[in-house]
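The annotation transmembrane segment is assigned in TrEMBL to 31-48, 60-79, 91-113, 133-157, 169-189, 209-234, 243-260, 272-295.
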Amino acid sequence: MTGQDLLDRRARSADAVGWGARVNWNQPRNACLWVFVATIAYGVWYTISQVRSQGPAYGTALSISALIFTVYAVLFWWFTTRIDRYSRQPVDLRVAAFVWGGFAATWAIALQGNTALLGLYSKLGSQQFAIDWGAGLAAPFMEELGKGSGVLLLLFIARRVIRTAFDGFVIGAFVGLGFEIIEDILYSLQAAPSNFGVDPVGSSIHIALLRLGTGFTSHILYSAIFGAGVVYLVGTVAQRRRIGRGLILCAIAMVLHGVWDSNGALAGGSAFIFVLLAGEIILAGIIVVIVYHVVVEPERSAMRDLMAPEAENGTITEEELTAVAGAWKQRRTFRRAGGVLDRRRRAHRLEAARDLADALGSAGGEETERTAFARAELARFEATSSAT
């Protein structure tokens, strides 16, 4: 393959996955945008009304819970951003996904749907049936559909950005993060009056710690899987529609959610619940890793196409190309290959190559000041290596 062929392939791949594309929020004729905004507005109004009703009496509990979950949110925001190593989602799109999950999916959709389904279960079955199994048979449908609808709306709002199932995976994770954080803050606030309000701060912190202990395997994980399924169901210019795979992923997210919310009924009040919790956490972790490796392949292929001309012209080596377009294992192998003394330089080379890829993708493969700077960084670390 000639150098020009590699450059042409780079341009096609960058365009296909929407590398460097930005969201156009000025779409007054896009009904999806209006639905998105209106639903969030209702959720914000509901949240404010809840805070106003209990906030004055339990302001300290609310503040402490909000602080705890803010730190939690920052950590998971960083982690979710770190796994998005390829055609990264714009910050405004990530924020929009977080806001949808926190305000729209929770109060405008999940709360209303869960309440209705629980009422039906108590009437069609019994009150005890609704208590035991209601959460496990209501939340997976209403909450996952509520979060998934945010991914679907954003898919039609940001059509040039959300192109692959991996994009849906990442956006779904941010939706789940928003859902987790705002829901947990209000749960902690609502726990403050328990025990006749004797220790509102302690009651809120107790709920906050319980939610923190299980949060990493709940909404964020389920929504990431469901979001990837949504993109497979709809299809894009870069992602062939695969209805079967999409339905399977959405069903997996719902089943994991349903089993998690049914632990109490499944364990029958016994200590077996701890075995169930441990098993479900391990299983959910294995599943999300498998899904991640499946959906990330098109992004890795695009990264390889984007950086192949750089390997051809000697800017990076073939070994570095394999590492920057590969998985964590390939990057670790590359960093360790030079021994302890050379490990830091190799890590810097990979980061500089990643920056160059991002700059090239954002510029459509054209040369800009940003790409020139990234090349200079690569040359600087190579020069340092030669000098030592």
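In case you wondered, yes, glycine gets a Cβ from its N, Cα and C as well.
It should be emphasised that the depicted structure is a prediction, and the values quoted were computed from it without experimental measurement.
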Beyond the flanks of the transmembrane segment (31-48) by 6 or more, those residues with Cβ under 8 Å of it: 25, 96, 99-100, 102-109, 111, 150, 153-154, 156-157, 182, 186
Range from 60-79, 91-113, 133-157, 169-189, 243-260 with the greatest count of C-beta pairs under 8 A to the transmembrane segment (209-234): 169-189
Two-stretch contact, the transmembrane segment (91-113) and the transmembrane segment (169-189), at least three Cβ pairs under 8 Å: yes
The transmembrane segment (243-260) and the transmembrane segment (60-79) contact flag, 3+ Cβ pairs under 8 angstroms: no
Same-chain residues near the transmembrane segment (60-79), Cβ under 8 Å, at least 6 residues beyond its ends: 51, 54, 94, 98, 174, 177, 181, 184-185, 188-189, 192, 200-201, 203-205, 207-208, 212, 215-216, 220
